[in-house]
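In what follows, a structure is listed as structure tokens, so that the remarks can point back to it.
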Amino acid sequence: MRDLSALIFGAILVKQVLGEYGMAHVSERGKSKGKDYCILFNSQWAHLPQDLNKASRLQIHDLTASVLCSPSEVPAGGFPNRIPMVLRGNCTFYEKVRLAQINGAKGLLIVSKDRLTPPAGNRTQYEEIDIPVALLSFTDMLDISKTFGKGGEVALYAPNEPVLDYNMVIIFLMAVGTVAIGGYWAGSRDIKKRYMKHKRDDSAEKQDEETVDVTPIMICVFVGMCCSMLVMLYYFYDHLVYMIIGIFCLAASIGLYSCLSPFVRRIPFGKCRIPENNLPYCHKRPQLRMLLLCMFCVAVSVIWGVFRNEDQWAWVLQDTLGIAFCLYMLKTIRLPTFKACTLLLTVLFVYDVFFVFITPFFTKSGESIMVEVAAGPSDSSTHEKLPMVLKVPRLNSSPLALCDRPFSLLGFGDILVPGLLVAYCHRFDIQMQSSRIYFVACTIAYGVGLLITFVALALMQMGQPALLYLVPCTLLTSLAVALWRRELHMFWTGSGFVKDVPQPPLVMAPISCTQSPEPPTEEPLTNPEFPGAEATNQIEDPPPQAKTLSKEEASQSE
């Protein structure tokens, strides 16, 4: 554990020391209005002012035909009071910036065709250089040359970014609301299904088929598949991203149908069934209203798939479909015991921490595999993003939104994994008649864990494995409630659940010998202990030994 902490803080330290985002404000000569471009700089070479008005406006010297690695590449007269813009490669950052500083430059922009990496050096080199050096993307360089030509001026500055963005509030409400609603729905549905099982209704049988109980073997297989898929996405992102998008569209349409169908069934019209046919999935003659709902859900998924890269509004559809998908999964997947919950959450806790904090030490770019895949590789030729996240655009007006990701992200796994524990707590609450104390406590713990995640994100300024904070909060809170109520054994093994609801006891009306028994009514008997449950046992016929005596036989007997 001590080694893991050292690795984590080492990764944080490297991130803070080597790389900082800033802005290059380019404008025409003599004009204040211009355009901002993202740069990545290292403050150990030289600091940048935080305010644009305090930054010096200097002329850009376009030297992108050179890499500035030898004195022969320096033009006659050098770079007096200018900022040269050169290509990356063939020599170190120190050699480039040293040549620029010797020849009068007041800064250096290094154009990179690859991803932006922090311009690093050693302590001696940092002490020798006193001009800022920053990396600029190749596409931004082309835009600068096209928009401003060779007479543009640039001002380098590093504005402060707000610690927390308002979009975190929206993500928090969506995540906590999904976990609370999904856990409540899953628990209530499971208990209702248990009480109604004795009816032997077709709908109940279908519900039984929809529920999947998770076993330890399934957990191991699932985690292995997650690891394999994540690594494959890291190396073959452009080939697999479209497959993931297609799977998401299909699963999201099913989830949206599952969430909306209870409300559509309350609509009083559209109950008629379609005519007999041989069409796939329609041979059972579904109701017209359900068929229209199915078409609507598919249409929503298709619209998102077509316009998924529209940053202005497509994120609303993605979040809607994502929440519906999470609710459907929470309703379908069931953890039967707290032991299974602990195993699943612990294994995924290790998985999340490893792929966020440990993998940067093995990748060439120094970026974690989890963050790289979730946000989409910057060198991806397709520029597609994985849809398995809730995303909300940044609501602050900081220009650094151009550098950092314009969206804040929360993965579906950070909702589903703790949500399965919340659903288990709700089922246990109902069975033990504990006034939903487990459910409420676990939901509040999830919210607290999510707040801790946001605080860590703001303090460390790097991607955080949310399960690092969510798993301890939810697991320890549930365990503490079980210990406090002295129900740990039942909570751990799930022994508080009754697999088969007992049949309501048989209610027999007394039969008088002098009165003929009334014929049994066709109305089902009810049991006050099971409200709404119908008794299946009917009043039995009297045994053959008991028969009604005639008047003569009665007088003789007297």
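Cβ atoms are placed via backbone N, Cα and C, with glycine included.
The signal peptide feature in TrEMBL is assigned to 1-19. The domain 'PA' annotation in TrEMBL covers 78-143. Marked as transmembrane segment by TrEMBL: 166-187, 216-237, 243-264, 288-307, 313-330, 342-362, 407-425, 437-460, 466-484. For 510-558, the entry in TrEMBL reads region 'Disordered'. For 549-558, the entry in TrEMBL reads compositional bias 'Basic and acidic residues'.
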Exercise. Which numbers of helix, strand and coil residues does DSSP report for the domain 'PA' (78-143)?
Worked result: 22 helix, 16 strand, 28 coil
Exercise. Hey, which bits of the same chain come close to the transmembrane segment (288-307), Cβ under 8 Å, at least six residues off its ends?
Worked result: 245-246, 249-250, 252-254, 256-257, 260-261, 264-265, 267, 269-274, 282, 313-314, 317-318, 320-321
For this session: Looking only at the domain 'PA' (78-143), report the model's average pLDDT.
Result: 82
Exercise. Sequence-remote contacts (6 or more beyond its ends) of the transmembrane segment (407-425), Cβ cut-off under 8 Å?
Worked result: 165, 167-168, 171, 175, 178-180, 182-183, 186-187, 190, 214, 311, 315, 322, 325-326, 329-330, 333-335, 337-338, 341, 344-345, 348, 352, 374-375, 388-394, 438-439, 441-443, 446, 449, 466-467, 470-471, 474-475, 478
For this session: Please work out which recorded stretch in 166-187, 216-237, 313-330, 342-362, 466-484 has the most C-beta pairs separated by under 8 angstroms from the transmembrane segment (437-460)?
Result: 466-484
Exercise. Would you call the transmembrane segment (313-330) and the transmembrane segment (166-187) in contact, using three or more Cβ pairs under 8 Å, pairs 6 or more apart in sequence?
Worked result: yes
Exercise. The transmembrane segment (243-264): which same-chain residues, six or more beyond its ends, come within Cβ distance under 8 Å?
Worked result: 233, 289-290, 293-294, 296-298, 300-302, 304-305, 308, 320-322, 324-329, 331, 384, 386-388
